[in-house]
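Notes follow the structure.
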Amino acid sequence: MGIIKGVLFSIVLINLSLVVFCGYPRRPVDVPFWKNYEPSWASHHIKFLNGGTTTDLILDRSSGAGFQSKKSYLFGHFSMKMRLVGGDSAGVVTAFYLSSNNAEHDEIDFEFLGNRTGQPYILQTNVFTGGKGNREQRIYLWFDPTKGYHSYSVLWNTYLIVIFVDDVPIRAFKNSKDLGVKFPFNQPMKIYSSLWDADDWATRGGLEKTNWANAPFTASYTSFHVDGCEAATPQEVQVCNTKGMKWWDQKAFQDLDALQYRRLRWVRQKYTVYNYCTDKARYPVPPPECTKDRDI
């Protein structure tokens, strides 16, 4: 009887380990704004509700607004839930991104490009490494991002960067140093978000202008989750670069699993608006990382 119980207990442990290491980031922890963030500009255009569990950015003719993380990080999992500007939002951009602060900077971007009433939002992502970007991908979302809060997150380790929308991977950027492509592995980044007027380019290449009669525009945020390796000194950077020390370094997070690849392919086939990897006019020879990222 004892042997049977032991076997059953072992099976339970194995099943639990499969659940924990299934290839998806840990479930975000809902925390208020002030735990991890602070205003970065135009604090008079930021509203804090319910003790900071909900935060609104306001855009009008006089100003937009933005906030940033208090700490810098090298690798981790970063997410927040957002409800985008509703109605006629042409010309308005809401951004959530990670960025280092130097000339040859690294950056991981979400940019939500507003549109005329009834037209879908476009989500543009981009990855800068060593100051080089030009890796734009644009998709439509499969839901209305103005009707409720949805999760947007980044998983970043030494192997790859994965960008998620509601746990669906919409982009993977793998470490392609072996192909001569730089990868962000030694420059800590802060997390930023902002709401601003970009009607010179955001909607139909700048043809659609912001309708200020609809101002103020509001983007709302909640669940300010940060689970990263803090790095403010060279010594801390070295510690964060020690592989295997954190959960995001484990084998399950070194690549997408089969289900995640199917979901990524679903996004590619049904919702892609633009992908730099397949823009032959711009890149007659696809950039080297595109094959490894399964974008072509």
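Every residue, even glycine, has its Cβ placed from backbone N, Cα and C.
What Swiss-Prot records for 1-22 is signal peptide.
According to Swiss-Prot, the feature domain 'GH16' maps to 23-221.
In the shown protein chains, 18 other C-beta atoms lie within 10 A of the C-beta of Glu107 (active site, nucleophile). Secondary structure at Glu107 (active site, nucleophile), taken from DSSP and collapsed to helix, strand or coil, is strand. Taken from Swiss-Prot, the feature active site, nucleophile applies to Glu107, supported by sequence analysis.
Sequence annotations record features per position, and here Swiss-Prot assigns site 'Important for catalytic activity' to Asp109 based on similarity to another entry.
Per Swiss-Prot, active site, proton donor is recorded for Glu111. Within 10 Å of the C-beta of Glu111 (active site, proton donor) we count 19 further C-beta atoms, all protein chains included.
Residues or ranges marked as xyloglucan binding site by Swiss-Prot: Glu111, Gln124, Thr125, Asn126, Asn134, Arg135, Glu136, Asp200, Trp201, Gly205, Arg282. Around Arg282 (xyloglucan binding site), a 10 Å sphere centred on its CB holds 11 further CB atoms from the protein chains shown.
Sequence annotations record features per position, and here Swiss-Prot assigns N-linked glycosylation site to Asn115. Classification of Asn115 (N-linked glycosylation site) by DSSP places it in coil, neither helical nor stranded. Shown in sequence order, Ser89, Ala90, Tyr121, Ile122, Thr203, Glu208 are the residues of the chain, 6+ apart in sequence, with a C-beta less than 8 angstroms from the C-beta of Asn115 (N-linked glycosylation site).
Look at Swiss-Prot and you will find Cys229-Cys240 (among others) tagged as disulfide bond. The local packing around Cys240 (disulfide bond), expressed as other Cβ atoms within 10 Å of its Cβ over all shown chains, amounts to 21. When secondary structure is read from DSSP and collapsed to three states, Cys240 (disulfide bond) falls in the helix class.
Look at Cys290 (disulfide bond): DSSP puts it in a helix. The disulfide bond feature in Swiss-Prot is assigned to Cys277-Cys290 (among others); the stated evidence is similarity to another entry.
Pairwise Cα distances among Glu111, Gln124, Thr125, Asn126, Asn134, Arg135, Glu136, Asp200, Trp201, Gly205, Arg282, which the record gives as the binders of xyloglucan, peak at 22 Å. Thr125 (xyloglucan binding site) is 10 Å away from Glu107 (active site, nucleophile) when you measure Cα to Cα.
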